[in-house]
Amino acid sequence: MSKRKVAIVCGGPSSEYEVSLNSTDSILQYIDKNKYIPYVFFISMQGKALLYKADDSLEIPEENQLNYLFEEVIKLKDMYMNILALHGEFGEDGTLQSILQFLNIPFTGCKHSASALCMDKYRTGLIVEKEIDVKIPNTKLFKLKDLTTNYTYSEDICIKPNARGSSVGVYLIKNQKELDNSFKNLEKDFDLNTNFIIQTLIESDIEVSCGCLEKKNGEFVKLPAIEIIPKDSTFFDYKAKYVKGASVEITPPEHISKNLAEKVSQLAIDIHKILGCTLYSRSDFLIKGNDIYYLETNTLPGMTNTSLLPQEAEAAGISFSELIDFFIENS
């Protein structure tokens with residue numbers, strides 16, 4: 001069988017631009033080059049793009065090599081498959097997916113409707129709470145300008161942007177001073193019309209995440225949950241996620257029962273289905289006693305070889321190269 005051309009789509013105007021580049025670099029290292037000819041479709045922070053044949057590691061093209069996105073994106077029609085390795089705004093919120101679907105270009109992961117839904121943490125929580133037997137932290141939605149003007153401390157809370165990933169802009173608040181400091185930082189970093197959610201803080205020592213894999217025929221590969229223990233922070237923040245050694249990840253989890261871990265694995269599948277996801281997703285949870293609290297679902301989770309989903313797949317006997325194969329052949 002002749003080798004098939006596969007493009008890895010990365011970059012983009014997103015706060016998670018660097019995470020996307022790291023995912024792409026890992027995929028380039030592990031993709032089976034006996035089966036596929038890898039290309040990179042790079043999108044700059046300014047929204048320009050270039051499709052080029054790739055080597056074993058990611059090289060960022062010069063600005064003068066880039067073309068307008070809509071001129072370049074049509075070239076992806078020549079690819080057997082396009083692996084989406086974008087994260088955050090533009091790549092994970094359904095924007096790029098809608099363009100690719102309109103042009104009938106094949107790509108991995110969720111379609112635009114599920115991507116847009118899962119990027120909206122508030123709406124996602126409402127649906128999951130209604131349809132799935134799992135607890136949700138008490139949640140309220142605010143514009144940042146209303147939050148910083150009218151909200152005062154009354155209970156321990158978690159503040160987070162409604163439509164961002166990688167724990168960007170997330171604060172755990174336990175007193176008025178912490179609240180005031182978080183507001184100052186948020187006003188510097190975000191537009192005042194940005195939607196934020198406030199959730200009652202769940203005092204839990206155990207944070208877990210769990211993905212699932214969906215075959216083209218609709219069958220699921222159930223993955224083990226992964227327990228996350230940050231070393232230097234109180235929750236799984238940006239540093240804990242992306243700085244080597246900043247957290248310990250254990251799969252299967254060691255500090256919850258097998259029965260509870262199995263329930264988390266099944267919840268990941270049930271939530272994936274109810275939100276209309278396809279191919280793969282990863283959902284995050286907190287464990288308090290025997291209660292499971294749902295936090296959010298990621299439609300394009302990190303894809304370095306040490307990211308959570310690849311670690312879960314490895315524990316299920318699926319190597320990183322085999323995981324990439326799965327994405328390509330089941331899309």
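Positions of Cβ are set from backbone N, Cα and C atoms, glycine also.
Feature annotation from TrEMBL assigns active site to GLU16 (among others).
Residues or ranges marked as domain 'ATP-grasp' in TrEMBL: 126-329.
Taken from TrEMBL, the feature active site applies to SER166 (among others).
Residues annotated as Mg(2+) 1 binding site in TrEMBL: ASP284, GLU296. Classification of GLU296 (Mg(2+) 1 binding site) by DSSP places it within a strand.
Among the features that TrEMBL reports, Mg(2+) 2 binding site is placed at GLU296, ASN298. Neighbours of ASN298 (Mg(2+) 2 binding site), defined as other CB atoms within 10 A of its CB across all chains, total 22.
Counting every protein chain shown, 22 other Cβ atoms lie within 10 Å of the Cβ of SER307 (active site). What TrEMBL lists as active site is SER307 (among others).
The recorded positions listed here (GLU16, ASP284, SER307) include ASP284 as those with a Cα within 10 A of the Cα of ASN298 (Mg(2+) 2 binding site). GLU16 (active site) and ASP284 (Mg(2+) 1 binding site) are 18 Å apart (CA-CA, integer value). Same-chain residues at least 6 positions away in sequence with a Cβ under 8 Å from that of GLU296 (Mg(2+) 1 binding site) are, in sequence order, CYS118, LYS121, THR124, GLY125, SER283, ASP284.
The most crowded of the recorded positions listed here (GLU16, ASP284) is GLU16, judged by how many other CB atoms sit within 10 Å of its own CB.
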